[in-house]
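These notes concern the structure reproduced below.
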Amino acid sequence: MSPRTAPPRFGPLQLALAAAGTAAATLDLCMDGWVAAGYARRGHPGWAALSLSLLAAASAAAQACSWLWLRSDPPALRPAVPVALLAALHFLQLGFFFRCIYALKVGWRVCWAKAEEEDEQRHMAFLSHDISMLRLFETFLENTPQLTLLLYIILRTNKAELSQGLGMGSAFLCVSWSLLDYHQSLRSFLQDKYELSLASSVVYFLWNLFLICPRILAVALFALLWPYGVAVHFPLVWLAMFVWVSLQGTDFMESRGPEQLYRAMVAVILYFSWFNVAQGRTLYRSIIYHGFILVDSTLLALAWLWGQAPSEEHPYLLPVVSAALPCYLLGLGLRVTYYKWLHPNVQVQQEGRYDEVDTNGGSDGVEFRSFLEPDLVNRRMQWLAQAHFSLSQPAQQHILNGAAAV
């Protein structure tokens, strides 16, 4: 008889991190409002409107996902709150913060009220996984465009206000937090011996950072040359990414309509950063994606150099642009390092538990947790974990059926 594994225990440290994540999201929202108000006070209502529009669009998409998930979740895992109140909270764009507060309440009960039953732990894991995914969506739909806009405005005015500096700082904090939290959520589906290490966290964060920063810089420079050109460039690249994601046959949401929303949001993420959405070998998909983004970003930077060479107002831009390509290549190198030495499949290979390893680290050898109540497992994040760790079809079916058959 194979033992079944419980979800990782939620303790005081996890509760503190959850509270810090909620505080960071609140701080970022306040900073966005402060920055937009500063634009309006200085006579730039267009910038203020664009900043608030980015915030509203990202929030609306995240609230829609949150509401759809609540409607499809098992009744035992839904908050004991009237449906009308939940709908009102999501309409008022407060659904995500309600989730965070509710998760903190459940987490407090788990940590301090001695509620250590498996159902309570499973409930907390379910809530944490959804919050992690929503945070990632909202971060890439709002913070990365906001960073691009802030950088463009700073370059355009050749000065940085205090609110802009703090806004960029809070945006980078949210981006880094969401990436690490997402990585932790994916790893939580694996057995304890594959738990997240400090080296894995640092490398995972750095390779994402080194790939995102040059992309943001290239788009901001192109906007500096041709502000309205971004309004043409973004929809074209987004459409290409949407088609690409659709061709990969994602199966994240419960029905076809919501699945299109998910693909649309992933296409926005892919405009700035790599995001794996399908099981199987990712090596070739990754080469195609990074090759496309590298060529596209290079063309944007070259367009700026050709149309608006660095002037005396921006003497620092040429060395910054020159460093963008090495930065991107360094990010790719760190990504290879992660998959070669820090990916869980590598640990399986080192244990000699299978004979053949995919070139991107995928295999059948990674051991996932199995649960007494598969219906109470967050299948959305479980699906992404399967994609990230590149399981074969038999292994995926094994997990979806609850795994560890008696």
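Indices start at 1 and increase along the chain as displayed.
Glycine is no exception: its Cβ is also placed from the backbone N, Cα and C atoms.
The annotation transmembrane segment is assigned in TrEMBL to 48-70, 82-104, 162-180, 201-226, 232-249, 261-277, 283-305, 317-338.
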Seg_contact(the transmembrane segment (317-338), the transmembrane segment (48-70)) with at least 3 CB pairs under 8 angstroms, min sep 6: no
Chain residues outside the transmembrane segment (48-70) and at least six past its termini with a C-beta under 8 angstroms from it: 29, 32, 35-37, 39-40, 78, 86-87, 90-91, 93, 95-96, 99, 130, 133-134, 137-138, 141-142, 145-146, 149, 253-254, 258, 261-262, 264-265, 380
Stretch contact, the transmembrane segment (201-226) with the transmembrane segment (82-104), Cβ-Cβ under 8 Å, 3+ pairs: no
Residue numbers, six or more beyond the limits of the transmembrane segment (232-249), whose CB comes under 8 Å of its CB atoms: 219, 222, 263-264, 266-268, 270-271, 277-278, 285, 296, 300
Long-range environment of the transmembrane segment (283-305) - Cβ separation under 8 angstroms, sequence gap at least 6: 211, 214-215, 217-219, 221-222, 224-226, 233, 237, 248, 270, 274, 276, 321, 324-325, 328, 332, 358-360
Beyond the flanks of the transmembrane segment (261-277) by at least 6 residues, Cβ under 8 Å: 61, 64-65, 68, 136-137, 140-141, 144, 208, 211-212, 215-216, 234, 237-239, 241-242, 244-246, 248, 250, 252-253, 285-286, 289-290, 384, 387-388
